[in-house]
Amino acid sequence: MKAVNAMATEQQPAGLRPEWREAARAIKAEFPRERSALLPLLHRIQAETGYLDDAVLAAVAEELGVPAQEVVSTVSFYTLFYRRPVGKKVLHVCTGLPCALAGADQLLAAFARELGIAPGQTTPDGEWTLLPAECLAACDKAPVVQVNLRYRGPVPPEAAARFLAEGGEGDDV
């Protein structure tokens, strides 16, 4: 199976759409400092498009009056912001120390093998994106994974195929 790095959920226009500018004004009004609207605005845009490209980040910086590098570094810091299109299901595998000691590297490799892609890639059908995550803050359930916003764990490496066959569904952690 040939992997692709991105599956677009929606074509993004350059800059901010008028409705995003309106949302930015409304969000800014809720905070004493305009820059405090950064995270809510980024979440709003990504919820509609699936990712945040360079043009959108530059436009957000301009709209909020913050340096572009601050917006880029914020998006780079948070695991749940994506700089390119992702699959319908984003599978984060925690690689923090407790998860690593419990087999996270083997789990990540098992998912990559089962999906036929490398970490950081999206399956050709656009269903799955596989990403390592530094810490998912569920160390008591190591190794833990997150599918979209649902946590699952512990997920042993030998359960990767079954986990994917079930679509990542099951009990929350």
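From the backbone N, Cα and C atoms, a Cβ is placed for every residue, glycine too.
According to TrEMBL, the protein carries these features:
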- Cys94, Cys99, Cys135, Cys139: [2Fe-2S] cluster binding site (BINDING)
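Structural mapping of features recorded in TrEMBL.
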| residue | record | DSSP class |
| --- | --- | --- |
| Cys94 | [2Fe-2S] cluster binding site | strand |
| Cys99 | [2Fe-2S] cluster binding site | helix |
| Cys135 | [2Fe-2S] cluster binding site | coil |
In sequence order, what residues of the same chain, 6+ apart, have a Cβ less than 8 Å from the Cβ of Cys99 ([2Fe-2S] cluster binding site)?
Val93, Leu136, Cys139, Ala142, Pro143, Val144
Hey, which of the binding-site residues Cys94, Cys135, Cys139 is the loneliest by Cβ count within 10 Å?
Cys135
Additional residues around [2Fe-2S] cluster, ordered along the sequence, whose Cβ is within 8 Å of the centroid of Cys94, Cys99, Cys135, Cys139
Thr95, Gly96, Leu97, Pro98, Ala100, Ala104, Ala133, Glu134, Leu136, Ala137, Ala138, Ala142, Pro143, Val144
